[in-house]
Amino acid sequence: MQQDSHTHGIDMSALGRNKQGLQLAEETVAIEVPGLSLFYGDKQALFDVSMNIPKQRVTAFIGPSGCGKSTLLRTFNRMNDLVDGCRVEGAINLYGNNIYRKGEDVAELRRRVGMVFQKPNPFPKTIYENVVYGLRIQGINKKRVLDEAVEWALKGAALWDEVKDRLHESALGLSGGQQQRLVIARTIAVEPEVLLLDEPCSALDPISTLKVEELIYELKSKYTIVIVTHNMQQAARVSDYTAFMYLGKLVEFGDTDTLFTNPAKKQTEDYITGRYG
């Protein structure tokens, strides 16, 4: 089902920059989903989804609005627990341990699996206090330890040089793109293993989006990253693997280059060529 790259508006030069020869079956698995269904009351939102998220790669979820991609993302750190009437059937194994097992420490899970949302949500505190927020919750208050964590996390989020002289000013004075990178710094300060990014660039301008995309590329050397995006160009640029979802079902999952240039399923081809969605 080979496609002319121009037919679906995806810049094929974006593909292949860091993804040569990737084989999903050969990857170390970070998150295993062996048949997951999810319900909101009587309404089923996910239907028997099975997939393996590879360690220290970027996996993108794409699909039309309402297809279940954000719902699936939020199962990875149990954010859906906060929704009344939400029920999960099946398991999600984080490095072999079922995060839905009885007695799971959900607060610790959310430290290990951090999340960044569509709209930057810095706290109405200083830049410094935003970054150390999670550390203080853990009881870490030594100034030297916090100072080092702030510098390390802000450098990791490619923000240090822009804010190092204003750490004790309000985070609300930062631009939208800076705020989103600050939120990423706050998330990585507690040293998670996985980063979940739910359309992290949808509220940002193109230049800020580019900075966040470059940051994602850098962060995958330390973290497993899963990103939900409506922007197929973005999925092509930043991800190693892509999952296409439709109406709560996983239609196709594979390396990004192949999925965009030679999809196995007609439904995937129709979506990326703009026939629907």
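From the backbone N, Cα and C atoms, a Cβ is placed for every residue, glycine too.
What Swiss-Prot records for this protein:
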{"type": "BINDING", "residues": "G63, P64, S65, G66, C67, G68, K69, S70", "note": "ATP binding site"}
{"type": "DOMAIN", "residues": "31-272", "note": "domain 'ABC transporter'"}
According to DSSP, collapsed to three classes, what secondary structure does G63 (ATP binding site) have? coil
Most crowded position, judged by CB atoms within 10 A, among G63, P64, G66, G68 as binding-site residues: G63
For the binding-site residues S65, C67, K69, S70, which Cβ has the most other Cβ atoms within 10 Å, all shown protein chains included? K69
From the centroid of the CB atoms of G63, P64, S65, G66, C67, G68, K69, S70, the recorded ATP site, which same-chain residues not already listed sit within 8 A by their CB, in sequence order? T71, M245, Y246
Across the domain 'ABC transporter' (31-272), average pLDDT on the 0 to 100 scale: 96
Look up K69 (ATP binding site) in the DSSP assignment and reduce it to helix, strand or coil. helix
